[in-house]
Amino acid sequence: MNSLLMITACLFLIGTVWAKEGYLVNKSTGCKYGCLKLGENEGCDKECKAKNQGGSYGYCYAFACWCEGLPESTPTYPLPNKSCGKK
């Protein structure tokens, strides 16, 4: 019983540590999602937790939305072959 509990705890920790994080990016422009209120930010948290993003938590860092707990399928800044504001 103790072994099963330890294995479950380890798997949970591995999933938490290996979760993707990064700046949310607009797929069409290649730019980060901007924000003004640094730290806890309701807008960033809402965007990160949106169904199409799948994150677990979001906040404003360096005037852009930073997300934690993202699935690998969610793109983060920078996008390959796409520069923000450059054509």
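Using N, Cα and C of the backbone, Cβ positions are placed for all residues, glycine too.
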Report task. Just choose from CYS31, CYS65 the cysteine that Swiss-Prot connects to CYS44 via a disulfide. Result -> CYS65
**Report entry** CYS67: disulphide-linked cysteine among CYS35, CYS48, CYS84 [source: Swiss-Prot]
**Finding:** CYS48
**Report entry** Disulphide bridge to CYS31 as given by Swiss-Prot, partner from CYS60, CYS84
**Finding:** CYS84
Requested in this report: Look at the disulfide annotations in Swiss-Prot and name the partner of CYS60 from this list: CYS10, CYS35.
Outcome: CYS35
Query raised in the report: In the domain 'LCN-type CS-alpha/beta' (20-85), how many residues does DSSP assign to helix, to strand and to coil?
Result: 8 helix, 23 strand, 35 coil
Query raised in the report: Where's the emptiest Cβ shell within 10 Å among the disulfide-bonded residues CYS44, CYS48, CYS65, CYS67, CYS84?
Result: CYS84
Query raised in the report: What same-chain residues, at least 6 away in sequence, bring their CB to under 8 Å of the CB of CYS60 (disulfide bond)?
Result: CYS35, LEU36, LYS37, LEU38, GLY39, GLU40, ASN41, CYS44, TRP66
